[in-house]
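Here's what Swiss-Prot has on this protein:
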BINDING   40, 41, 42, 43, 44, 102, 103, 104, 105  GTP binding site
DOMAIN    1-191  domain 'tr-type G'
MOD_RES   250  5-glutamyl glycerylphosphorylethanolamine
MOD_RES   323  5-glutamyl glycerylphosphorylethanolamine
């Protein structure tokens, strides 16, 4: 029934009266093909941080541009939100994009085809500069206020022939918004890669013992796996794996699981640790890492020695900007100035970062979810980045439990 989508309409109504989208929320609904989780990316300067936290988990970005007179122009202007959001999504590795041309009811005249075409042309040229390919992007005219063209074609826009996308791995076409969501390509779930499972929490459960939980990002986890927790280097055997209170014979990427480990106390593990397979490309702590960062909204200058908090996967750790190596062009990544004294809002740079405490990260190329981060300071996100390379620590001073030794011996 239509009430399932009432949130989107009610929310847009309330916010239209207030005039602005601010809070971040996780909304879930279903289309014919997918369970969709919407991570709201609010269109207001101070709230870009809300977007970043969610964007690291997104498979597709939906960029909403307002068609109202003057409103679209403000969003796409030199320092408008539309530009910033699209650039952030691309930088953080969200390669699929849908553009919703909203508030079609407030164009002059209402539901104007010319206005839609004008916006489509302008946004296409902008997203192309960022790195998106406009022919692979669905442009969908909608009115959230009245629900036009969101679930089914609208009688107010009879002129609409529909949207088309052309992609190497599958074309798509349709008219309304929900069909554009159905045309998203499901992300590859990397089961053939090494196991990486960042921990958001660790529980102690009576009669069972220590149960770390988290979402598998890559690889496979099953009972009997001898896991290592980086950066602490604790090795132990997995006794059982559960999802939604059911035992699994194996967990795959995307699964949110709890798994029981032997001979490790809950005090030894913490949020931000990463579980991997001790025998197959195991995770390690980082000595330092090189990243490309984009400064979003820092009131002053950032120079060598600056030590904000980095949010990377489930870890929150202070890291020092040990060396700002070069300023680079935001789009091409080419160097424009070597060893700059400082960087400021709007700049992109290659920097070497040094964690103040043990931290496990990976290059974006190899493990995307462990290779992108937000830089936080003064209760806001001041920069975002992707990791280009990591200098790993030597795995010394580690704890290997008896269960791990036994499991390892038995498998020789």
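Even glycines carry a Cβ here, placed using N, Cα and C.
Quantities reported herein were computed from a predicted structural model and do not represent experimental measurements.
Geometry remark: residue 103 (GTP binding site) versus residue 323 (5-glutamyl glycerylphosphorylethanolamine), CA distance 46 Å. Annotation for the recorded positions 105, 250, 323: lowest Cβ count within 10 Å of the residue's own Cβ, 250. In the three-state DSSP assignment, the secondary structure recorded for residue 323 (5-glutamyl glycerylphosphorylethanolamine) is strand. Counting every protein chain shown, the number of other Cβ atoms lying within 10 Å of the Cβ of residue 103 (GTP binding site) is 22.
Taken residue by residue with DSSP, residue 105 (GTP binding site) is part of a helix. A separation of roughly 42 Å, to the nearest angstrom, links the Cα atoms of residue 250 (5-glutamyl glycerylphosphorylethanolamine) and residue 323 (5-glutamyl glycerylphosphorylethanolamine).
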